[in-house]
Amino acid sequence: AAAVAPTSAAAGKPASGSMGDREIRPKDFLASERTMLEWMHTVIALAFLGFGLWRYSLRNSTAAGRADTLGLLNTSDSTNFALGCYGLTLLVLAVAFGWRAVFAHLRRLKALVADDNSEHIFNSRRGVGLFALLVSLALVANLGLRGSYLWAKLNNVPAGHDDADRS
């Protein structure tokens, strides 16, 4: 039995690289694929970083040798709590932007099939800007929490108290 190549019903031509009635140029398809894969590499690295920081925050314990936990976070001191929050925040951002990459890729594929080469679909900087902003805000918040903890420790202020509480 001879192998038969798939053909499109309309023209009797080989259906290589086609989606429906329209043939997609491999260059465009592969460019969209590369973009999604780069996003996946980025968010997987961010997820591993977040997971590692979160797990490290759980391993740190009190002087008694046990870790006080509140759900997913270690509450033995504020640095472990802040590190756990930061790690989980990075993990949530990684999952959210991983799904965003998948949906953007699907939107690009639909545009390629419809022969819609709109600038707002293929060259949108909104996702990149939002990703950079949210990761930066998470880093600044983490550094702020750590800085306030160190400031309180240097001034012998119990964590969570302001200067008015000292007598």
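Including glycine, each Cβ sits where the backbone N, Cα and C put it.
Predicted automatically and left uncurated, TrEMBL annotations should be read as such.
Summarising the annotation, TrEMBL assigns compositional bias 'Low complexity' to 1-18. Taken from TrEMBL, the feature domain 'DUF202' applies to 27-110. Annotation comment: TrEMBL describes 1-20 as region 'Disordered'. What TrEMBL lists as transmembrane segment is 37-56, 81-106, 127-145.
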Completion exercise
The DSSP breakdown of the domain 'DUF202' (27-110) into helix, strand and coil residues is 66 helix, 4 strand, 14 coil
Exercise for the section: Express the predicted model's confidence over the domain 'DUF202' (27-110) as a mean pLDDT, rounded to an integer. Expected result: 85
